[in-house]
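Colleague: According to TrEMBL, the transmembrane segment annotation covers 6-22, 29-49, 61-78, 122-140, 152-173, 200-218, 238-259, 271-288, 308-328, 356-380, 401-422, 442-462. Summarising the annotation, TrEMBL assigns domain 'NADH:quinone oxidoreductase/Mrp antiporter transmembrane' to 118-409.
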């Protein structure tokens, strides 16, 4: 058995422990190495899973990729962040240690979710991510961050409570068919899906979609997301949007796979359409009204989770492949957007979009990369999101769902207008004359350049192992029509 699954848990966990004991000047370097090492291990695991090797199924391996991409970048980025930012109310050493320890612990919890094969243990892991995320959000030490942390705990915990009921319902449905071989493992339930009580399975999926959809930021359960993303430290915002939303989606997809096998895909597709279109609508139109750069990116996350849900709802093989690819593309692009936006906000000492202009002139690397990230999130070629959105829309227009595909396209155009408007305003125009120009922080710049290569690379070319991984994951989702 491969040691890599144990390694990707042990690396961030050990680094979290060391970060509490060692000075921040040492633990920030360890965090950079931990992020890079975890990313390398995940890449190896995904490569093995694409060949059907390594003991990890394709769905788990696919949803590990956002962890590798974003945590890998955040780990390196944090080597600059803890030096440049005042993490807590007084910015002292204790707060820096706490930030690094919680960041690594958060990454550890996030990597555990796709690795778990037990549905009860997976719920516990998601609850742990809720606690750690809230602790990170409140680190800024402001009234807004404390309010956002409590709001997140309350709403996410309510969602997870509903999700737990869904787990219990599905758990109970399997007791009879499994008999003495009973075990709450995903593989066990997939094997006997056709013998489960159809009504119990339908109820379990509905509860899972509402409950875990709250963690995913799907409308109308999204209300925690803009505040938490806006108030938290920049690396935390990147991990919330780039990893945590994908982790919640992973659980929903597991429930959908069992439901599709048990009763067909009709119900799951209808529900995915409802939450997908609602999320697209909320994300697209609220983008137009934002004044805070991080809240703007938060509403973009809601929009993109809606795109993924619609891709799964269309049901066409091409649309499902596009939805899974979109998970990876969005994680990379949103991670880059938050990291570069954090650099811009730190230099300008504001997150108000109207007070930021000429970022490319002030921060040549960060400003340019923020512009590229914004264009990628808007769906512009040649970036990866353009490819995955095109696959989703092509799948939608190829079947009887073409009217909904047309509505999705219209909402994407609204979101496009909102994102491009704000991104061009931030990066273009005249910079304040008194503003210090230039940047020399190799760690931060290097981390953003690495993640940019993913954003651009997946638009130009999808590697064959990733194609195989996507196809295997789509096969697991399955369905009887």
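Cβ coordinates are placed from backbone N, Cα and C, and glycine is handled just like the others.
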Colleague: Quick one: do the transmembrane segment (122-140) and the transmembrane segment (308-328) reach 3+ CB pairs under 8 Å, ignoring pairs fewer than 6 apart in sequence?
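Modeller: Between the transmembrane segment (122-140) and the transmembrane segment (308-328), contact is absent.
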Colleague: Same chain only, please: residues at least 6 beyond the ends of the transmembrane segment (152-173) with a C-beta under 8 Å from a C-beta of the stretch. Say none if there are none.
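Modeller: Residues 119-120, 123, 126-127, 130-131, 133-134, 137, 184, 189, 196-197, 200-201, 203-208, 210-215, 221, 223-224, 227-228, 251, 255, 258 contact the transmembrane segment (152-173) from elsewhere in the chain.
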Colleague: May I ask for the residues of the chain that lie six or more residues beyond the transmembrane segment (29-49) and have a Cβ under 8 Å from a Cβ within it?
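Modeller: Those are 2, 4-5, 7-8, 11-12, 14-15, 18-19, 22, 56-58, 60-62, 64-65, 67-69, 71-76, 78-79, 100, 103-104, 107, 111, 443, 465-466, 469, 472, in sequence order.
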Colleague: Any chance the transmembrane segment (238-259) and the transmembrane segment (6-22) are in contact, meaning at least three CB pairs closer than 8 A with a sequence separation of 6+?
Modeller: no
Colleague: Using a threshold of three or more Cβ pairs below 8 Å, and leaving out pairs closer than 6 in sequence, do the transmembrane segment (6-22) and the transmembrane segment (442-462) count as in contact?
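Modeller: Counting Cβ pairs under 8 Å, fewer than 3, so no.
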Colleague: If you count every Cβ pair below 8 Å, which range out of 6-22, 200-218, 308-328, 401-422 shares the most with the transmembrane segment (271-288)?
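Modeller: The stretch with the most close Cβ contacts to the transmembrane segment (271-288) is 401-422.
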